[in-house]
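Listed features, source TrEMBL:
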- 82-122: domain 'EGF-like' (DOMAIN)
- 112-121: disulfide bond (DISULFID)
- 371-615: domain 'ABC transporter' (DOMAIN)
- 780-800: transmembrane segment (TRANSMEM)
- 812-836: transmembrane segment (TRANSMEM)
- 856-883: transmembrane segment (TRANSMEM)
- 895-916: transmembrane segment (TRANSMEM)
- 922-942: transmembrane segment (TRANSMEM)
- 982-1003: transmembrane segment (TRANSMEM)
- 1009-1031: transmembrane segment (TRANSMEM)
């Protein structure tokens, strides 16, 4: 229906009169509520229930042009409104969603939550309230400039002066909301925060000019409606413009704002006519506050900032890190250079050095010891290896333990030296007649003896002098001056005739050094520095030629006689000129004692019992022959073979090459038989397999003889003499003990003046030794440093100037994963390093060189740290400026700390494997498996949210997980990456993508603490393993 101009003027007149009378009428008019379903005070006369609200029925309508749900009959209200018909303003805040409380009828206004404003609390005022509108962990921004992005809300005050004046204090306001996606807007007109009418605007176009700082929103269609019984809409004493709004307002409508001044205007042709004719204003003028929750990257005009370039200050920071590493290395080298191991004269170990002993005989044995033993037995799994051995060796004498292979020589030597054995042993050991009984006695006994292994386990990068000096510095009394220790080392080298090679390196299989005989004498020298009361040596001539073997034994005999030391050693088959040097001999055969006594009486004893060594024949070879079952004539030897070699009947023995017939009466006199056998031993042995079916008289004779030789000595007077010597020594000790205090005469008493180097001195010496080993064999150390430089340059070339986009994010994660993998698997070199040192550590520990803790700490300080601390710093110093990683907020130093902690923790973890697993191949396999499992749970191959709870604990022990998460979060958290996500072309923070990978974006410090905790735990476990599992068991 078209309204004429006259009707419009009439309506305007009524509108003006209504506004003028509203104030007075409102005070006199009583608002009467009528219950449309009530028939009176007595209730409904019809007895029918009231009809429920259903917007599908004609009697019910959804206000604010809200949508009616045809299935439920309920209204789906626009933002800020609720109630059955959407006419009730909502309070709280827009972020509360459907849980917002409605404004009660007795409330004149809403109390909005913090961060929200407006009549119905739709306008945000703080960024923090917008976080809930964004997906994931995105942070929201309250955009208040009035330019629509997606769905904005405005709260406007009407500023037309005449309208404000006519209302006489009742504030006219407008709430305005637009949705860019649906191209629609709606606004509500309020008087004194009570809604009068509302409008819907559709087919809208939203334009804005950032240059002019203005907005222009135009909607083709406009529809308005009144709320019944509200001011201007039929309220008592007020006019009703319902028909005007419904019939006349059609659009188009425009909403224009000056964003900077917050001054807006709303115009619609019919409404403009009304305003002009009544108030003289061309349109409604407004002052608006706007608010829309968006992401910061969606702000109109927002441009993703370019990645900042490296500044000179940042480059100087990286250079400073390199210089700092150099300073640390320099200071460490300077400190180690002050170690006595680097000194040549005049440097003391401690302030308690005393030079009073400088003129004393440096090699004199201060505690001479006569060593005796009896009832020495040993068995493994019930099999007897050693049976009732006994003997005596006095101070200044050498006891040689001989026997064929497997006779039990080394086993006996180990038991006498108090070594740990894997089987069951029993023995009675006496020093100067005093029996060794307690563990404390054994401890003091080991401190006063020396033991030289059959193999020479020496550090190949030290010189002869440094090797022996190392032993002296660690084991000699701390009160002894360095000058005296130095002089003692020189004297020992001179006594052993190796002074001329003192400056030569020991050498190894790959680096030429000193000869085998010289190495053996160096090993002996390392034990002689303490002037041991008893020196045990396991086959000191093994692997040496005859000349060097003689030199070694001659040196031992000379030291024993000149300095009153007791020397006990095993020897397999010495030359005759070596045998002549022995003072005492102990002969074994298959664990049985064949002889124990003076060497000079040995030949006479065996000759008197029918075992005469042939003239010109080596007595040692002869004794081995008669005690070795394997080299005795075979029981399968035939008569024909015997005849061929002279075992034929004869009545007269005229030639050593012709053996007489042996009768049963002559069994006790097999001398001629063994003379013949010794001369033709090689020929005889080659003919063993000629016949296997017939037995001869010779076979029976030799078998009888072989069983007899093992019991000859046990029944002899010499054996009784040795046992009597042992008892006499015990009696003498007991008598001396009664005459004086037991403590003063005891060999096992503590010597307060013989306190070796303290813990920190040991640590300093071991660190200096490791440092020398590193710079003389720098291949491993320099290999790690060069690898860091090469890989740093390669990665910089591959990832050069990485971008702040999704591909750049992927490249960052790939780079960090590669770095962790490279450094993690490079730690496997520690397995080889420790496997080489393991046997040296075991030997030195068993010989009381140092406390295992001092060795362990020196290993960490001078081996693990140089290999694992500086390479990450070098690599990151190259990568950071070339790849373009983030340097803000000290991220470079955090990255260095993370990678160093990871590298150290992994290195110690691998070291634990090397400590617990002896076999290098098995240790390598286990180390690789441990690293692979740790790598699997790093966070790249599997999201931690999907890990089964039964094996979730593996991730808690994964150093790769903590290292990878910390590196990734440290770099990506704070970066803004361009991505189309959640339907938006926005720049997404890197933290959002990190969270999709299952990373905790706030876990950098947590992960670093965990890496530090794992490092500490691994260090403790490593030492426990070294202390309790790496020791000598023979």
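Every residue gets a Cβ built from N, Cα and C, even glycine.
Sequence-distant contacts of the transmembrane segment (895-916), counting only residues of its own chain at least 6 positions beyond either end whose CB sits under 8 Å from a CB of the stretch, comprise 321, 819-820, 823-824, 827-828, 830-831, 834-835, 838, 859-860, 864-865, 867-869, 871-873, 876, 880, 885, 923, 926-927, 930-931, 959-960, 962-963, 966-967, 970-971, 1004, 1007-1008, 1011-1012, 1014-1015, 1018-1019, 1021-1022, 1025-1026, 1029-1030.
Long-range Cβ neighbours of residue 112 (disulfide bond) (same chain, at least 6 residues apart, Cβ-Cβ under 8 Å): 91, 92, 93, 118, 121.
When Cβ-Cβ distances under 8 Å to the transmembrane segment (922-942) are tallied for each of 812-836, 856-883, 1009-1031, the top count falls to 812-836. Secondary structure of the domain 'EGF-like' (82-122) per DSSP, as helix, strand and coil residue counts: 6 helix, 9 strand, 26 coil.
By number of Cβ pairs under 8 Å, the transmembrane segment (856-883) is matched best by 780-800 from the list 780-800, 812-836, 1009-1031. The transmembrane segment (812-836) makes no contact with the transmembrane segment (1009-1031): fewer than 3 of their CB pairs lie within 8 A, with pairs spaced 6 or more apart in sequence.
Remote same-chain residues near the transmembrane segment (780-800) are listed as 774, 811, 815, 818-819, 822, 826, 829, 833, 866-867, 870-872, 874-879, 882-884 (criterion: CB distance under 8 Å, separation of at least six residues from the stretch ends). Note on the transmembrane segment (1009-1031): residues 420, 838, 841-842, 845-846, 852-853, 855-856, 860, 898, 901-902, 904-905, 908-909, 911-912, 915-916, 957, 959, 962-963, 966 of its chain, located 6 or more positions outside it, place their CB under 8 angstroms from a CB of the stretch. Restricting the average to the domain 'EGF-like' (82-122) gives a pLDDT of 89. Within 10 Å of the C-beta of residue 121 (disulfide bond) there are 28 other C-beta atoms, taking all protein chains into account.
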